[in-house]
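Feature annotation from TrEMBL assigns transmembrane segment to 267-290, 333-359, 365-384, 405-426, 438-461, 489-516, 522-549, 561-580, 592-621.
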Amino acid sequence: GDPLYVKVNKLSSTKTQLPYDFYYLKYCKPSKIVNNAENLGEVLRGDRIENSVYTFEMREDQPCKIVCRQKLDADSAKNFKEKIDDEYRVNMILDNLPVAVRRQRRDGSQSTTYEHGFRVGFKGNYAGSKEEKYFINNHLSFRVMFHRDTETDAARIVGFERLAFLGSGLSSIGYRLSSDQLTYVIIVHCVALVNSINHEYKEWDEKNPQVTTCNKDTKNLIQGSTVPQEVDAGKEVVFTYDVTFKESDIKWASRWDTYLLMNDDQIHWFSIINSLMIVLFLSGMVAMIMMRTLYKDIANYNQLETQDEAQEETGWKLVHGDVFRAPINYGLLCVYVGTGVQIFAMSLVTMIFALLGFLSPSNRGGLMTAMVLLWVFMGIFAGYSSSRLYKMFKGTEWKRITLKTAFMFPGILFAIFFVLNALIWGEQSSGAVPFGTMFALVCLWFGISVPLVFVGSYLGFKKPAIEDPVKTNKIPRQILEQAWYMKPIFSILIGGILPFGAVFIELFFILTSIWLNQFYYIFGFLFIVFVILIITCAEITIVLCYFQLCSEDYHWWWRSYLTAGSSALYLFLYSIFYFFTKLEITKLVSGILYFGYMVIVSYAFFVLTGTIGFYACFWFVRKIYSSVKID
């Protein structure tokens, strides 16, 4: 008998990627609409959680309840038709559980999966007519599963479904569905209830509305004469619902398992095995190089063999006087390395929190909030690492480098985000971040992140400079003509293939969760893949750096960063492939949104992988040159 309040979330579509407020369409409204969005992440995701007119009483079935009557004017009918065309789905929440439509697997197996939300409506045509009509899902049949505590007789909600209508009832309704809607009917879990009903009444009483097609005695809504509710200007739509409660064996702690049912864990294991093969291959190469370099080469060189023999053996020792020469634009390199450390620290801590279960999908917006806050607080590491590197290059303008570290990467991201947000705002979508939230983000950036970068920079610059293991010659050595396969562009592009190859299967699941409105929660797999990415980036950079030094080219600083960072180019190319093969986006604004966000993701991935590659190469070069005696 306790009241249960259903909240409504955004209308979402995988075809447009533009969320809308539930009350953007002419649905039944409560007397006062209250926004219940709880955190920064929810606002950034476009979630607009509000109260609704749907109220249940615990464990008390309601056979057929009338909500309200709405008369559609030209504008509201047009809005409904547009949302039906774009396959928008309504998202509702009860006791923090999203509404789901149960559907059967296409492969004929007995297991069921759940779709998020339910469609606004569908298109079809009456028997004997070719004219396509729009129909609205105005009757909702809810089933609430609960788990009863045998000792206290108290009950907790463990499931919230909206039942879909039965395919076999179509002939009796007397209308045909379009082919894509028919597919939808077949794959949805079948229950003998209909969603679209043209309700009939004799006289409308606002205080106690009664309709002949839906009342407390209604057992079966589908009759031989039942017709669906058409959407058109001037039409009246009566919104109704019914609720059934069903006892379940599912424990409260496991109630999210149905939403997170994973059918393809084998693919993840194959992905990890494939990535491990790449890692083993690269580890073997690195081990061989280290053995050859640190034992054979160094032993021979330290035995003071003739210079000719040493030169014939290896070429990397010949550039010892230039290998630690500061590169061109070393200030910019310091900025990018510092930013990369910030992204790495944020990613690592976020993943650890996710592994421990703090950021599960039931904590809506938690992942986004955690990432924004961690990014802000990790500014101290960005400042520290950029200033340490800058001091090693004997730079003096540490304040300028600190400012660039604090503003460059976030500034580029914020500019792209601002333009995309303006486009969303122009479409009147609820996905547009409000001015207040935008101001809060700027305050986090200027009020916490920037000062922390300066604190880190100050601490880093106070420490003594990193000493080079060998002295740098005053006159730069001339670099010989390089073979075509050692040219910068070729080796940089080759270097990005393996890190991308190690992560691209997991990337598919991440893109699917972002753009196809799925839950992503397999953080255990993601963490393993992240570790594999770090090892792959480090090893491929060391291997290519060694070959470069052997061919007497000592410009390795930027090359090491770009070698690993080029994997971001393949990530962006894959996102283009994904766009054309998996998504059904047709609107220009939606396409711009997709590619705008993928540019941001690719740019962040470039900075992250580039930094990993740079530090691996930095460690390797210092290691091999500190192991040789230089006369």
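Glycine is no exception: its Cβ is also placed from the backbone N, Cα and C atoms.
Nobody curates TrEMBL annotations by hand; they come from automatic prediction.
Across the candidate stretches 267-290, 333-359, 365-384, 438-461, 489-516, the maximum count of CB pairs under 8 A to the transmembrane segment (522-549) is reached by 267-290. Residues 498, 501-503, 505-506, 509, 522, 525, 528-529, 532, 535-536, 539-540, 542-543, 546 of the same chain lie 6+ residues outside the transmembrane segment (267-290) yet bring a C-beta within less than 8 angstroms of a C-beta in it. In this chain, the transmembrane segment (365-384) lies out of contact with the transmembrane segment (592-621); the count of Cβ pairs under 8 Å, excluding pairs fewer than 6 apart in sequence, is fewer than 3. Taking pairs at least six residues apart, the transmembrane segment (365-384) and the transmembrane segment (561-580) share fewer than three Cβ pairs below 8 Å and do not count as touching. Within the chain, the transmembrane segment (438-461) has long-range Cβ neighbours (under 8 A, six or more residues past its boundaries) at 40, 338, 372-373, 375-377, 379-388, 390-391, 398-399, 401-402, 405-407, 410, 414, 418, 421. Sequence-distant contacts of the transmembrane segment (405-426), counting only residues of its own chain at least 6 positions beyond either end whose CB sits under 8 Å from a CB of the stretch, comprise 18, 334-335, 338-339, 379, 382-383, 386, 432-433, 438, 441-442, 445, 449-450, 453-454, 457, 589, 592-593, 596-597, 599-600, 603-604, 607.
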